[in-house]
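According to TrEMBL, the protein carries these features:
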DOMAIN    1-337  domain 'Major facilitator superfamily (MFS) profile'
TRANSMEM  21-40  transmembrane segment
TRANSMEM  46-70  transmembrane segment
TRANSMEM  82-101  transmembrane segment
TRANSMEM  154-177  transmembrane segment
TRANSMEM  189-209  transmembrane segment
TRANSMEM  221-241  transmembrane segment
TRANSMEM  247-272  transmembrane segment
TRANSMEM  284-305  transmembrane segment
TRANSMEM  317-336  transmembrane segment
């Protein structure tokens, strides 16, 4: 639910950003997110955790995510993809630091103060962001919540469909790798968490290096297409992973290329938007579509694991095929934009 809301509110927060309310939206997101994590620290029942962490933090993060990326994309032209990749690498950094903190602090200071410690880190980081980031492009006050002209933009629509399928399969690995390590490979709980930390850690490389290549050589869309193909192949290869060493190797490879998709996604989307005054709403519209993929993809994978009586093969094929279909749509978007094969885009 948290990651669903992170993407889902993009249409609303993106349009508000275009209208000139970036700082207000970002501040509201900061407050809601911090309230969510501190309320999580005192939650004692499932519904309380769901409301605090799932709903409240999801809405708060949604007010931060799309506006920040949309605003950042308006500051750069020649190195836009790299800058977005560096910003996206922050999520990989948090994916390393926060699990390690929880592992170390939980047995020492308990659940409540562990969550408050995470909240204090977020308070400091978001405080700096609120003081530093400013909107550059003049606001676009008039206009509907949705940019209807985008529905006639064929490359944009094909890209949207492609990213829906990519994200439909992408997050299965992130959600179920730990369970796979324990139930199929036989790793202990602590080591299965370490696998997830490694998966997130190598994501720093995957978010920065492909984006750098996109700026210097190929362009974001041309870079994204082969990365999605490789990610699909890796999901098929996951079926054959049956040893501890093989799982570590697969986790490193998947972490890099899955992060490549996550980092190039907003960079490519930004490159498809020529009118910077619509950067927020066009990015937010795609985020909202993608939100339904991240909401339904992992549960579908979980059902497929159950149908196979604990075997992950059906779910792995589901993820791989989704990524393959997503690649086809991205390739069609590339053709719709230009048939010049050597053109950087």
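Counting begins at 1 with the first residue displayed.
In case you wondered, yes, glycine gets a Cβ from its N, Cα and C as well.
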Any chance you could find the range in 46-70, 189-209, 221-241 with the most Cβ pairs under 8 Å to the transmembrane segment (82-101)?
189-209
Averaging the per-residue pLDDT over the domain 'Major facilitator superfamily (MFS) profile' (1-337), what integer do you get?
89
